[in-house]
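Asks: When I checked TrEMBL for this same protein, it listed these features:
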- 1-123: domain 'Major facilitator superfamily (MFS) profile' (DOMAIN)
- 12-31: transmembrane segment (TRANSMEM)
- 37-58: transmembrane segment (TRANSMEM)
- 70-93: transmembrane segment (TRANSMEM)
- 99-120: transmembrane segment (TRANSMEM)
Amino acid sequence: MLLIDVIGRRYTGAVNFVGCSVFFLLIQVHVSQEVLTFFIFMVRGFSTGIFNFVYIYTTEVYPSSIRASGLGTSSTCARVGAMITPFLAQVLLDASLSAAVWVYACICFVCAAMAALLPIKTKGRALPQIVT
């Protein structure tokens, strides 16, 4: 949460996506149970940071008149993704643990680039009130 005010919303999202990706990849390394638990905890922590970034950024980008619709649509897409992920993970885990981890890590890397390239900087900007 501190990064959001220091480096801005977009770069905070990118940092969280990269961190999540790195710790996804580290899950493959043969380590003790405690270290593996730490890696999984870090993936969860960075993914929580990602959700914080998404909700803060979207509320600052959408004007008040359509903010609820925008957040509702975003939330719906997130929930659909959350429903599909266990099925995707199960199929990939049956094939290979590395394949499953690399898919999620690559998606996080792509999302990091997309977050860094978002077109609107919202740090210090007034919330839009109307659609222009």
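From the backbone N, Cα and C atoms, a Cβ is placed for every residue, glycine too.
If you look at the structure here, what lies around each of the features I listed?
Replies: Sequence-remote contacts of a segment are chain residues at least 6 beyond its ends whose Cβ falls under 8 Å from one of its Cβ atoms, and for the transmembrane segment (70-93) they are 51, 54-55, 58-59, 61-62, 99-100, 103.
Within its own chain, the transmembrane segment (99-120) is flanked in space by residues 9-11, 13-15, 17-18, 20-22, 24-25, 27-28, 50, 53, 57, 61, 88-89, 92-93, which lie at least six positions past its ends and keep a Cβ under 8 Å from the stretch.
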Asks: For the transmembrane segment (37-58), give me same-chain residues lying six or more residues beyond its boundaries with a C-beta closer than 8 angstroms to one of its C-beta atoms, as numbers and ranges.
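Replies: Here the qualifying positions are 1, 4, 9-10, 12-13, 16-17, 19-20, 23-24, 26-27, 31, 67, 70-71, 74, 78, 111, 115, 118, 122.
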